Amino acid sequence: MDKDKPPFYLGGVASVLACTVSTPGDLIKVRLQTSKGQMKSVISAATEIIVGQGITGLFTGLSAQMLRQATYSTTRFGVYEAITNQFKSGKSRFHPLKMHELIFASSVGGLLGGLVGNPFDVAVVRMQTDFKLPPSERKNYKHGVDALIKIARTEGFSKLYSGLIPNLGVSMVMTISQIASYDFFKQNIIKYSNLNPTDPSLHFISSILASLTAATAVSPIDVSKTRIMNSKTKEYNGLLDALIKIPRQEGFIALFKGWTPSFLRLAPHTILMFLILEQLKILYLKYQYKERPPNIL
């Protein structure tokens, strides 16, 4: 392994650690997205969860989230890094990539990450919405693996890939708007400022901008994906049908249900993920060089 290139799995490690903080926001987002009729507020949704399940209820699905990040994010970061490294082949490690190169690398990474992580995504949604069902219909999943086994056993293995097409769409858009935009913002901030590539403030600013971009870009597809995955009947005939039916039946704003908790989840998750990732890269390079590492971009 080229000692200038940190291991592909660092993105997955950073994502797993970050999801321990972002899970409550993700739970509230899913609860809002699966609610029909009058839109609840973030506070009312959070209160409902705490009253019904206690404060620990806010971390429902954490085990499945960690499994999802370990598969989904490890794959998307690994593929993204592999492709961007190829684009930089023969050039300086600090060579900024063009936007179309970032988009291509993140699209492929997001597509493959979504494919690998889909079963765990289904498990996350099921665990987070189980409490909304009547007591007699609840599955009472113990953890992420239990959810995977119960879903496959009672509904068939193929159910773990329900919502695959919209999930691939979400994964691609998320990876473009989160990872590619982060690198895009970081490259341009470095270009027009005196910030050092290893400066945490650079990573912080870039990750906030990436969070805003991702929350807005992903929302319509994410709402549709969540509805499809949570549906026990053929209410929607695919992503396009959901994107048409939801605004037609509930108004255009319904496609952005859960935007606020989505941002509140994405912001801390994205900030922590990239801050942790950048520090892991620095620690890796310090270990390799046994001294202060060169700047990483």
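Positions of Cβ are set from backbone N, Cα and C atoms, glycine also.
Some features that TrEMBL has for this protein:
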REPEAT    6-86  repeat 'Solcar'
REPEAT    101-188  repeat 'Solcar'
TRANSMEM  160-182  transmembrane segment
REPEAT    198-283  repeat 'Solcar'
TRANSMEM  202-223  transmembrane segment
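Each residue in the repeat 'Solcar' (198-283) gets a DSSP state, and the totals come to 73 helix, 0 strand, 13 coil. Note on the repeat 'Solcar' (101-188): DSSP counts are 77 helix, 0 strand, 11 coil. With DSSP states grouped into helix (H, G, I), strand (E, B) and coil, the repeat 'Solcar' (6-86) comes out at 66 helix, 0 strand, 15 coil.
Confidence annotation: the repeat 'Solcar' (6-86) carries a mean pLDDT of 87 in the model.
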